[in-house]
Structure formats: structure tokens, C-alpha cells
């Protein structure tokens, strides 16, 4: 049986934490679709096209990543449209788990064939979040340990351009 899964997120920017989950998921599933949310409530630094391109560059070496797309819909609706019945979710803390278990129940109610698989973040990256990285970068802190080089360069360029305007 071909196992296809969706890994959704905002990826603003993609971090080593995201890459940890994606890399490990490619060892479990035959095909991974990375779905990048166009969630304006999060006020992303990068636009959707930039986040898709950064994610593509960072995951090029992962052959099981078959598709990277943006979406502006309920996740369950996207999964149904993409004919995927597995959602991959990374969990760092008990607070993440509490949120994710509620989200999984709602998604299951909307799309009964959809199951959520939770992968615990590796301990080396379990504290990384895009929000923390952006905060560190805004105050000129070192963000290299948290981001793949493409995302690191892009974030520094973006912050420098924004401060010039």
C-alpha cells in the first residue's frame, strides 16, 4: 500500500525543527506533501511564494517529498482534495500535544478517513520555533544554529530590507 502523508505548517521560515520532522517522515511514508498555510493571522515575514521556494530548496535532497504547495483552506479539505489520509504533526511539548489532539479530532470529524500521526521532535531541535528564531534575528542574535543556510540567508536579507524601508 502506498502511504501518502501531508505535513502542514506555516514555515515562516522553515527551521531545523521542521526539517527534523520532514526527514524522519520520509523514512516512514512513501510520499510526503508539504502544505504551507497562507494563514494571515500569524502575520508571516515571508509571503507564501517565498516560503514555498525556501522549503523546496531546503528539502530538495529528500526524494520522498513529492509536492510542496500553498493552501488557504481547512486542512481536512486540503487532505481530501490531495487524496491523503495521513497528517504528520510535530510535537515539541505537552502544550503542542494538547493543541494537536484537539485539532486531530476536528479534522477527523470533517474528513473521517484522515488520521493524524504525531512525531516527537528530536531533543536537539525540540526548543526551536520560527517565532523564537525571528525574535532572535530582530535583535541581531545568532540564528545559524536554528535554520538551514538557505532560510538563514533569506531571513537576514528580509530583515535588512525591511529595516531599510
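Glycine is treated like the rest: Cβ placed from N, Cα and C.
Per Swiss-Prot, the feature ATP binding site maps to 10, 11, 18, 90, 91, 92, 100, 125, 126, 127, 128, 129, 130, 131; the stated evidence is sequence analysis. Positions annotated as substrate binding site by Swiss-Prot: 10, 42, 75, 89. Residues or ranges marked as site 'Transition state stabilizer' by Swiss-Prot: 18.
With a cut-off of 8 Å between CB atoms and residues at least 6 apart in sequence, the same chain places 10, 11, 12, 13, 14, 15 near residue 130 (ATP binding site), listed in sequence order.
Checking each of the binding-site residues 42, 75, 89 against residue 18 (ATP binding site) by C-alpha distance, the shortest gap belongs to 89. The Cβ of residue 128 (ATP binding site) lies under 8 Å from the Cβ of 15, 16, 17, 146, each of which sits 6+ residues away along the same chain. Less than 8 angstroms from the CB of residue 42 (substrate binding site) sit 10, 12, each of them six or more residues away in the same chain.
Geometry remark: residue 75 (substrate binding site) versus residue 100 (ATP binding site), CA distance 13 Å.
Annotation for the binding-site residues 10, 126: lowest Cβ count within 10 Å of the residue's own Cβ, 126. Across 10, 11, 18, 90, 91, 92, 100, 125, 126, 127, 128, 129, 130, 131, which the record gives as binding ATP, the greatest C-alpha separation is 19 Å.
Long-range neighbours of residue 91 (ATP binding site) (same chain, six or more residues apart, CB within less than 8 Å of its CB): 97, 100, 118, 119, 120, 121. The Cβ of residue 89 (substrate binding site) has 7, 8, 100, 103, 104, 116, 117, 118, 119 as same-chain neighbours under 8 Å, each 6 or more residues away in sequence.
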